[in-house]
Amino acid sequence: MLRMTTETTETKNMNASTKFLLLALVGLAAGLLSGLFGVGGGTIMVPGLLLVGLSQREASATSLAAMPIAGLGGVVTYALAGNVHWGMGALVILGSISGALIGARLLRSLPEKLLRWAFVVFVFGIAVEQFFEVPSRVSSVSVNLPSAFGMVALGLVAGILSALLGVGGGAILVPGMSGLFGASDLVARGTSLLAIMPGAVSGTVANLKAGLVDVKAAGLIGAVALVSTPLGGLLAAFLSPQVNQWVFMSFLVLLIVKSIRDALK
């Protein structure tokens, strides 16, 4: 049976309107980030949900639940511009659904402290990868038997991380699609948003059964992000690949500092 998340003393003392405003701002920022970089927005949502008093497990699960709603607007925006590779997206989805179910099981059993540090390591790894990435607007994706298996494997890894850390897996998918399979920066972002949605749904079903999802918070964040994600997608098309990359890296550095502080508490 679905249960609502247990509130901490800090959350109880937080004014309801303040909490509503904070969650709405989290949704706004997560949507912009999601559309701009093709990620699920969990790197914004998880710290924001921790701020309103959710545990690391609850924040990860609630963040994952908001992603399918948030990603929908971004997928439409990128698809209308021809920046979604449907074949690659379908193969990645095959792996991500299974991966999300595996990650959801692990989420219920791993220690809270370990999850916090895993989040830090995950974000640091993305920052290092982005530093060496050479972004491009030219797309040359080829789907054959070897690449198809690789795309499914990429989805599997992204799905596990998605459910385990409350991130959409896009931070794995975007560099993976561009670096391994020749997708342009925009095609990688658009296809990533498409691919993370089914995995997020399957992981959320498992988390709902475990009572880890704050449904109201997920709904509010997702609804606001649904509106702001297309704006992020439009901004990504306007900025050069190099500018997109450096903006993302700057954000990651700030996030690493914040996440380390949370993990040390």
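Cβ atoms here come from the backbone N, Cα and C positions, even for glycine.
Straight from TrEMBL, the features:
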- 20-52: transmembrane segment (TRANSMEM)
- 87-107: transmembrane segment (TRANSMEM)
- 114-132: transmembrane segment (TRANSMEM)
- 152-174: transmembrane segment (TRANSMEM)
- 186-205: transmembrane segment (TRANSMEM)
- 217-239: transmembrane segment (TRANSMEM)
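Under 8 Å from some Cβ of the transmembrane segment (87-107) lie the Cβ atoms of residues 57, 60-61, 64, 115, 141, 143, 148, 151-164, 169, 173, 177, 181, 183, 191, 194-196, 198-200, 202-203, 206-207, 210, 212, all in the same chain and six or more residues away from its ends.
The stretch in 114-132, 152-174, 186-205 that contributes the largest number of Cβ pairs under 8 Å to the transmembrane segment (217-239) is 186-205. Same-chain neighbours of the transmembrane segment (114-132): 43, 46, 56-57, 60, 107, 161, 164-167, 171-172, 175, 245, 248-249, 252-253, 255-256, 259-260, 262-263, counting only residues six or more beyond its ends whose CB sits under 8 Å from a CB of the stretch. With a cut-off of 8 Å between Cβ atoms, the residues of this chain six or more beyond the transmembrane segment (186-205) that come close are 34-40, 61, 64-65, 67-68, 71-72, 74-75, 77-79, 81, 83-86, 88-89, 92-93, 96-97, 99-101, 103-104, 137, 139, 141, 155, 158-159, 162-163, 168-170, 173-175, 177-178, 213, 229, 233, 236-237.
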